[in-house]
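First comes the structure, then the notes that go with it.
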Amino acid sequence: MAPDLPQFPFARPQGYEPPHENAKLRKECPVTKVKTFDGKEHWWVGKYGDVCKVLASEKMSKDRRNPGYPELHPGGREKATQKKPTFVDSDDPDHAYQRSMLEYSFMPEAVEELRPMIQKTVDEVINKMMERKRPGEPVDLVDQFASPVPTIIIYRMLGVPEEDIDDLSRDSEVRNSASTQAAESSNTNLQDYMSKLVGKKIENPGDDLISKMVVEHYQKGRLQRDEVDQLAFLVLVAGNATLINLIGLGTFTMLQHPDQLNDFKKDTKVLAKPMVNELLRYHTASALNGRRVAIKDFTLRGLEIKAGEGVITSNQAADRDEEIYTNPDEWDIHRKHPVEVLGFGHGPHRCQAEWLSRAELEITFSTLFSKLPNLKLAVKESEVEFTPAAQNVGITKLMIDCLETQEISGFRNPWPSWHKPSSLEVWQALEWGEDIDPCIQLARSRVTELRKLGRSSESSLSSAEVPMKSNKSQAAELLRVVKPDFSFDAQEKRAKTTWLGHAGVLVQLPQLNEDSEVRNSASTQAAESSNTNLQEYMSKLVGKKIENPGDDLISKMVVEHYQKGRLQRDEVDQLAFLVLVAGNATLINLIGLGTFTMLQHPDQLNNFKKDTKVLAKPMVNELLRYHTASALNGRRVAIKDFTLRGLEIKAGEGVITSNQAADRDEEIYTNPDEWDIHRKHPVEVLGFGHGPHRCQAEWLSRAELEITFSTLFSKLPNLKLAVKESEVEFTPAAQNVGITKLMIDCLETQEISGFRNPWPSWHKPSSLEVWQALEWGEDIDPCIQLARSRVTELRKLGRSSESSLSSAEVPMKSNKSQAAELLRVMKPDFSFDAQEKRAKTAWLGHAGVLVQLPQLNECGRPTAGPIRSYPPPCAVEDLPEIDVVMISHNHYDHLDFDTIMTLWKNHAKHMRFLVPLGNRQWFLDSGIDPGRVVELDWWDGVHLTAPDANGNEHSSLSITCTPSQHSSGRSGTDANTTL
């Protein structure tokens, strides 16, 4: 035994800070030996790629009964061997068999159906916590919220009667809180209860998870009775403590980062998923669960791990790998994660309940910070209580203050000193809840309770009865405003003050007025004529609305303003015409400019198409900044003397403000001349102007643009320019920027380049990930999309000239036959681009044909393997000279004998084959030269070079074999490798 080996588990230095050993070993020796409590030595692995490789390897076992498995506590092995292990602690095929019994209940589709129940549970727990809370006293969030939420959710999934939940929850809390005799007793109580519950479900099954196991597996002889009991108990307790820890850690960490918390509260729908993803990376609350034992010799970073040796993978260290993440020790809910986080593990033992847990966490944090927007710590950060330093990180006690009595510090000025905000901006920028004053929010929530008590002791402004309809009077009647704190903070060098509002009372802002901005139309004779026609039409339409008003905008002007004498008839005509034409040309220009600019930036366009819901708003915001299509509209005349940057602007002098120049101000924006739809805008863009004449139709225009681009690139995912960029026609150079003619190709004939692997080489994607990551339209094959869109038209024409497979009539219900009948697949382009130094190639799919994935079944799985839907783009004989053929795995349609032999016959002088482990003999038996067949295991690689005319190395190619598709072994009938 080496006495200088680090002792594992490593201890956290303080709070949730990861052990220092993680970063030190990850940098200096990422694969090394450590020792555990019993003096035994095990391997420790801390780099992301290495951790994934170990956890995905079939040479590693999760079975704790195997000698050498790393135990962290005395008696761990003895306890693990008392009963037959569940799939959590077993290997395939037992692991896969038992895991499949629960798989459907935890798939994304099933979890989506559970979201209403999860939301209901979170709401109930928060309400109950607030009912129990005494006024002015803090509450322990872990005890009152973090612990009951995941516990009650899993009870309801299992079908536990509501009347039993409170008693069971107490046992669950004791079980999670310690390893004492009391915890063991609670564990036994829970096991006994679950066994009895299983018995009741056998007699009278319902619609819950246990009943499904009983009906689908126990009654059909696939599970024994004790296995049902065991699995039901496993679902009850597995991961419960982890979720409790994550809720506490997530709340605490968000409170430590108020700027990010404010961002989160403004848009929980968008930020809930990335916030939870960052939580799982930053804290990796199951950091001690990645233990394995080698069952075959295994090589990692040149070190030999012998069969029987234990391996501890540190997911926590890997989730802060500097080679993967920028600033990995910083909390950032806006982070773009380049890889999957390891909070739920990796490989075949990745947590089955991941999607359920993510949904719980997303709903939990969204609801918590929405219902309690003024949540804050009730103790110093140093007084928060954490789990022991050598255990999985978690919080055991988190005292928070829910601020029942609203303390208001007033109005925040979010603008630079030189910026004068408009009424609209002031209205939107209230610090208290942005669009909603929390005074009013609180008043509404408490009015019923306080009315029961009669006159509230908390009132300070009025003794009159408060009518429900008045926000202002509600606030005055029901809220106590705390006295301002005028103390001086010497360290901060600023006073703590409270803004008391108008004359020391809380205020209610009035509604916005109806200011608008007039836009100029074209000046040609044709434009003037059209302008007159439109004015005459709108005047006639106003007349009709006066006689018979409806529910439209003109009718509202007529009823609300004209009939009440607030507007003259000619003013109604004028306003109706203004609404019709104002900004129309600008929107037309913006749609053209936005489309063209997105096509110029294909990487950002791909990101946009993947998540239009999230990126539509920032894309439009960047469009308004980058192009500022109303750049000539910011003209004014001084009516009083005005000083700007020390210069005197006299009354009567004209002023032209360049919104276009201002929107590219280097002092405001980083790289302002670059197009970036992910840009975080530090100020409001000026595309709709600024001040009292800011475009009134801004929100309508934004909505139009967001929907326009989302729909355009969704319905026409293969849109591209039909002309060179230099041939796009723009407005005259001295006018507002716009595009007058933009020729595009909607790609009716679909060119498909195949499947894109979006993952790093060391990542083994799940079946669901593979399904979702098809390059052609992500979840939708555009071939089928195109076939559906054109089937009616082509049926009218009869037999399509583009058909190449069948002369039979195409039934609407058949995707496969639609594609075969209606699509022509273009020949691949094998030309070589000398400047790019790479060939243009097309993935030919199974045995040289493009493929169509089958539909998913009711369990969310493909109903079969890929279906041959389309004719091959070219004959095998027509392929250019080939040096290397890479075989991904040994299905019959990858090792098509005729195709392989034709390739060999035509290219035998140069060609060699790279094949997965265990497949070389097939090629030798087929008569191929043994020297031309290289067999690769995972992570093996080859380096190929080509000489120039002088015999010197001219170009080279490195190929690495990485795990990619299918879910079984590396060799045999279904090789789990690709090249």
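Just so you know, glycine gets a Cβ as well, placed from its N, Cα and C.
The model shown is predicted, which means the values in this text are computed figures rather than measured ones.
Per TrEMBL, the stretch carrying the note region 'Disordered' among 1-25, 126-150, 751-775, 851-875 is 1-25.
Confidence across the domain 'Metallo-beta-lactamase' (868-977), taken as the mean pLDDT and rounded to a whole number, stands at 69. Helix first, then strand, then coil: DSSP counts for the region 'Disordered' (62-91) stand at 8 helix, 0 strand, 22 coil. Nonlocal intrachain contacts for the region 'Disordered' (62-91), taken as residues 6+ away from its ends with a CB within less than 8 angstroms of a stretch CB, comprise 8-9, 36-38, 40, 42, 97-99, 230-231, 234, 238, 288, 291-295, 308-312, 349. DSSP places the residues of the region 'Disordered' (1-25) in helix, strand and coil in these numbers: 6 helix, 1 strand, 18 coil.
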